[in-house]
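Asks: Swiss-Prot lists these features:
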type    : residues                       : note
BINDING : 40, 41, 42, 43, 44, 45, 46, 47 : ATP binding site
DOMAIN  : 7-243                          : domain 'ABC transporter'
């Protein structure tokens, strides 16, 4: 059976203070315990949707529901919401402002009124989890961009949320750093059953680390479904200003231009390798006949 929805929007419409329409009637469901990619070009509404999930962006109409309960935008309601739904911004400097790594990670916890031993346990566990324990006393402004990303993530994880929102988590990272942080996030989801929502325009990353996808354009949802359905909806992918994953595009060309008979949902190197090995085995079998 499909996982229950942990977050849901109904006809969500949000407008920025300058009058810019951010979200235009968005209906979307986020499955519990899965990784969902919000895919779209710049200005598609991905970041706005994350901000609405966290209560930062309040709708003009429609609503956001967490576990079937509409969000409460009172001070008390937002405080409770942000313990359950944590967000990591694209630019870590937007949420790092304490003098040291330890102090920055402790900031959110200090407002919860937790006993000091529990606060310390959470901070140390979060630092260990993201690999920044050795940086505990280091000034935040001395960190590399990748280290800042990890510290920002640790600050959110210390709150022990059930939903983790990530805005362009691989932006500004080298390929090795991007791969490492996405592998970490995937393992976090698998080991803890955490729900993760990733806003990105990196369509190569989505098939490797995500279960579901939401394709967005100009504040609207064009498609929502399993990640494997990207290729079936290639027209919507291109309408959104994106392209197919490189491997999927190659398969598309081989089938349409070169007469190959290949499965259409191949999107990763691993999947392509399996297909090619099968073709090779079939060729050998034909030669023996």
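Including glycine, each Cβ sits where the backbone N, Cα and C put it.
Looking at the shown structure, can you explain where the listed features end up?
Replies: Within the same chain, the residues at least 6 positions away from residue 42 (ATP binding site) whose Cβ sits under 8 Å from its Cβ are 201, listed in sequence order.
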Asks: How many other Cβ atoms are found within 10 Å of the Cβ atom of residue 40 (ATP binding site), counting all protein chains shown?
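Replies: Taking every protein chain into account, the count is 27.
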Asks: For the binding-site residues 41, 47, which one has its C-beta crowded by the most other C-beta atoms within 10 angstroms?
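Replies: Most Cβ neighbours within 10 Å: 47.
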Asks: Taking the Cβ of residue 45 (ATP binding site) as reference, which residues of that chain separated by at least 6 in sequence fall under 8 Å from it?
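Replies: Looking at Cβ-Cβ distances below 8 Å from residue 45 (ATP binding site), excluding near sequence neighbours, one finds 22, 23, 24, 26, 216, 218, 219, 220.
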Asks: For the recorded ATP site formed by 40, 41, 42, 43, 44, 45, 46, 47, which further same-chain residues have Cβ atoms within 8 Å of the site's Cβ center?
Replies: 48, 199, 201, 216, 217
Asks: Around the Cβ of residue 43 (ATP binding site), how many other Cβ atoms lie within 10 Å? Please give the count over every shown protein chain.
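Replies: That number is 15.
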